[in-house]
Amino acid sequence: MKMTKFAAAFAVAMTTAVPVLAQDLHFPSLSYRTGPFAAGGIPFADGYSDYLTLINERDGGIGGLRIRQSECETAYNTERGVECYQSMRGDAPMVLQPLSTGITYQLIPRTIEDQIPMHTMGYGRTSAVNGEVFNWTFNYPATYWDAASVFINHVLAENSGDLSDKKIVLLYHNSAYGREPIRTLERLSETHGYTFLSIGVDSPGQEQGSQWLQIRRERPDYVIMWGWGVMNPTAIQEAANIRFPMENFYGNWWAGSEQDVRAAGEAAHGYKSLAMHRTGRDYPIYDDMQQYVIDAGLYAGTGEEVGTVLYSRGLYAAMLAVEAAKKAQEIHGVTEITPAMMRDGMEQLEITEARMAELGLPNFGPAFSVSCQNHSGSGEAMIQQWDANAQTWNLITDWIAPDRDLIMELVAEDSLAYAAENAITPACLN
Amino acid sequence: MLYREAGDFKSTYTADNQTFPIKFDRNAYYLTMAVAFGVVPFIINDYWAQAVVIPFLIYAIAALGLNILTGYCGQVSLGTGGFMAVGAYAAFKIMTAFPGLNIVLVIVMAGLVTAAVGVLFGLPSLRIKGFYLAVATLAAQFFLVWLFTRVPWFFNFSASGQINAPTRTLLGVPVTGATASSATVYLICLFFVVALAWLARNLTRGTLGRSWMAVRDMDIAAEIIGVNPLKAKLTAFAVSSFYIGISGALLFTVYLGAVEAGEVFGIDKSFLVLFMVIIGGLGSILGAFLGAFFLIVGPVLLKLLLVDNLGWPTDLAAHLEIMIIGALILIFLIAEPHGLAALWRTIKEKLRLWPFPY
């Protein structure tokens, strides 16, 4: 029954795709519902798709123009990601959200050439913050380096501002994704005097025995994890096995969803992670979602993920994309926007608390505005903690600001090196 | 029907020993070359080039390389992914150290570096063989990837450990980077494929190739009749690694443009290329191409059929794809354990005798 509906939706999408000129806005989704990272990929893709469906069903699209969705399976694999990109680049994709740091690195030069904006929300290449170098890449509302700094600021506050006798271990996925925060944490260790140690786990991350043996030997005060997919539940299980105090074990925001902690059961109680947005179903938007999408049977996937952390993230990503499209329509005065116009909308995007409340997501994410100089947002994040008894994530802090001065310094360093390597003259497009 | 050999006579040994002794085959080969060089570059679109043809050509080179080692010399290797990584990282280091260097030269040099590394890891083959050698080369795979992810010098100390191919030109035309046109990239890959396949064909039927095959079939007997196993095995490792290095360098420079060793050159790459060789046919040049076609183009065609034409959900299609490819591998290996090339050889024999088989 689900199958046929999906097939029907796709068939409609296919037939409308071919003959007529763009009478709709194409929002592709580079998703992964298979492979070792599917646990994270499925809820994100579902949330992304459901929000766009809601906009179509409730509002009749964006500015009266319907959204056409398409999905391409990457399996978190770079080569497949390139294949997906090639298959959709000619079809006026409004914005690409690859949900993979590896694929992001592949696509940055290609999207510049093809003039297609890319949104890498809380992942990807952090130095894309510098919009004068990376004109077509956006990573609002926060970046990896923000995340690392927020974590340090949080433990600083917990230790009354002194980390000099502390030892912090970074357990990272040994890929571009996992290595992103190393430099920031190293730089911050110079300022705050903590001992820093980074331990890599090879992809996909099921084998961590030796890493946890090392952690046990080192006796760190805090472990922060940069993991994804199957690596996260394994790490939490391993931490429980060596009786590492869970409240001193932090994940970044890609290691803080239901999928990560449920497998460890009781043992995961007290595990903390960063959160770049709130979660749960207690938002007015879910009334509409229930009415227009879920009850109507138009939801993506199985519908079991609705309201989970990564579903919320997909929904948030879609919300930001739709807001940018509205902004683009407003700036250019046309409804039928091109990817290049979409880019302008993204660069001038402003998300206020009032706007989020209007959308039925009050206080869901941080208020921020994007500019040419800063393609990231405020960089703020919160800390959430898992309650294994209630099976819920509870926020235990308010928004924590990162050390933006240091991050901007690092961003300038890295992005200007990229500009020099690739003969780019940093400049705004408009 | 297809193979009409009446009147196709040979009066010299040279004519009898040519690569394509049957006139029909020879003409088909010339036609393929003419189309590949003269027609395809003008009609190919970006999707077909970037998603289908270029990866096929690049993996065909890798399969050729592994076929030389495993198919012709009988040395089982699971280190292909690691050697491809050597090619990619060597190309990156050479490209960034000498920005003015011709890109074709960079790729060839990356191949030479890989050949040297391959010989180094081929040394154990003098003492061990079979499964034991497979495990030794597996160590090469893990060690090399570990090296490229842990030693910052190899990725020029970049923050994320990714290597990026900067734009390089050949005669003023960009070949690497996002500005390179698909046709240029296709032609570069095609040039390498044709040159290396030609080289492989001629190496394998010359003295060197015969000594490889002698070692493969029975190394003690080969040694008794005067084949130097040291030379045979190490040259096989060198030539094979040269091919695999070039394929890794091409994969990085002209195809992907950004690479991270752990992700792109993991153990699954080694298996992928090994499967290509096994399915395509051990010890056959054509087999390398058929195997690469089966495992690189097959999944893409299946995806186009299931998702883009039939409109199936992407995850269902992806799972089915794994199942179908897996089932096809099984069926092929049961029906024809010597691979697609042997299947083709049988078909060809039958066609030559058709309609009067004896």
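Just so you know, glycine gets a Cβ as well, placed from its N, Cα and C.
Bear in mind that the values here come from a model prediction, so they are computed numbers and not experimental data.
Over in TrEMBL, the protein carries these features:
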| type | residues | note |
| --- | --- | --- |
| TRANSMEM | B:28-44 | transmembrane segment |
| TRANSMEM | B:50-69 | transmembrane segment |
| TRANSMEM | B:76-95 | transmembrane segment |
| TRANSMEM | B:101-123 | transmembrane segment |
| TRANSMEM | B:130-148 | transmembrane segment |
| TRANSMEM | B:183-200 | transmembrane segment |
| TRANSMEM | B:236-259 | transmembrane segment |
| TRANSMEM | B:271-302 | transmembrane segment |
| TRANSMEM | B:322-344 | transmembrane segment |
Same chain only, please: residues at least 6 beyond the ends of the transmembrane segment (B:76-95) with a C-beta under 8 Å from a C-beta of the stretch. Say none if there are none. 62, 65-66, 69-70, 101, 103, 106-107, 109-111, 113-114, 117-118, 121, 130-131, 133-135, 137-145, 148, 154-156, 163, 165-166, 168, 176, 240-241, 244-249, 251-253, 259, 261, 264-271, 273-274
Report, as numbers and ranges, every residue of the chain located at least six residues beyond the transmembrane segment (B:271-302) whose Cβ falls under 8 Å of a Cβ in that stretch; write 'none' if there are none. 51-52, 55-56, 59-60, 62-64, 66-67, 70-72, 77-78, 80-81, 197, 200-201, 204, 213, 216, 244, 317, 320-321, 324-325, 328-329, 332-333, 338-342, 344
Beyond a gap of at least 6 residues from its ends, the CB atoms lying under 8 Å from the transmembrane segment (B:101-123) belong to 75, 79, 83, 86-88, 90-91, 94-95, 136-137, 140, 144, 168-170, 175-176, 188, 192, 233-234, 236-246, 248-250, 253
Is the count of Cβ pairs under 8 Å between the transmembrane segment (B:28-44) and the transmembrane segment (B:236-259), pairs 6 or more apart in sequence, 3 or more? no
